[in-house]
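Undergrad: Sharing a structure, written as structure tokens. Questions coming.
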Amino acid sequence: MANTDWGNQTSITEFILLGFGDIPELEIFLFLLFLLIYIVTVSGNVLIIVLAITEQNLHTPMYFFLGNLSCLETCYTSTILPRVLASLLTGDKTISISGCLTQYYFIGFFAGAECYLLAVMSYDRFLAICKPLHYAVLMNGRFCLQLAAGSWINGFLAMTVVIVLMLQLIFCGPNEIDHFYCESTEILNLYCSDTNQIDLVITFLAAIFTLPPFVLTMASYICIIITIVRIPSTTGRQKAFSTCSSHLTVVTIFYGAIMILYMLPKTNSLRALNKVFSVFYTVLTPMANPFIYSLRNIEVKDTIGKMVSKCLDFTRNQSIVL
């Protein structure tokens, strides 16, 4: 039986994440850019979490799920960017095998959980628009907790199966990963063993844990669009669409980026382009979500405005006292 200790099961002890090593003259610029993106991403998502918890008018299922999404995006970004920043700053591109597999596990975990969480948020909007009279009864606090917990558990289950199978295989080199994070295809290319079986398992699990939430999301929005079109008044249609437009934008960006990234041929000539789309999917999307929800959502904008006003009033009062 294979030894399941990450440090002892292989003939190599670490990987080299090549990252953006082919453009060393841009490393300082990339460090500053990614640092700014990381600060903005964490700050924006933490702000959404704080608002969803502290503001009484945002204590609704929609903002409960949005707070979960922001928490997930913060964790997802923190799994990738700190390691990239450290590599760009110090020039140390090595990562231990256990560290690489851990990063891969959490990337897959958060991505899988996000698929289901976006589907849950779509279902929430479906009930709010298509079944408004039953919404409060159906989307009660207990059901919301179950849906959110189910999203996180699904991501956990999928990646646990994959990582257990990966621990049974042996690495023997080369130890270079031509990416800025531990991506599944790159990791599988470094195994000595036959990876056909684990490839099939990953493909099967990806279908099981991605297609159902995608279908549910699409079905929810088809029903929503049909319901909105049937609303007689223009004002009513605009009001109904405004409640789901932010989420629809996030869903479009998320699945659009995934489709482009994984449909792109894995050839040497397209490696650079693959990294660009990976940056968009793993780095820019989590940063964009807080802006999409805050700029396109009247309730969030009003709440942020009130919070800023309170801070300014407090600062003004303190300056008067002093």
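Yeah, the Cβs are placed from backbone N, Cα and C, and that goes for glycine too.
Annotation comment: TrEMBL describes 28-51, 63-84, 104-123, 143-171, 200-229, 241-264, 276-295 as transmembrane segment. The domain 'G-protein coupled receptors family 1 profile' annotation in TrEMBL covers 44-293.
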Undergrad: Where, among 63-84, 143-171, 241-264, 276-295, do we find the most CB pairs under 8 A to the transmembrane segment (200-229)?
TA: 143-171
Undergrad: Under 8 Å for C-beta pairs, could you tell me which stretch among 63-84, 104-123, 143-171 has the largest tally with the transmembrane segment (276-295)?
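TA: Comparing 63-84, 104-123, 143-171 against the transmembrane segment (276-295), the winner is 63-84.
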Undergrad: Can you see whether the transmembrane segment (241-264) and the transmembrane segment (63-84) are touching - at least 3 CB pairs under 8 angstroms, only pairs 6 or more apart in sequence?
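TA: Contact absent: fewer than 3 Cβ pairs fall under 8 Å.
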Undergrad: If you average the pLDDT over the domain 'G-protein coupled receptors family 1 profile' (44-293), what number do you get?
TA: 87
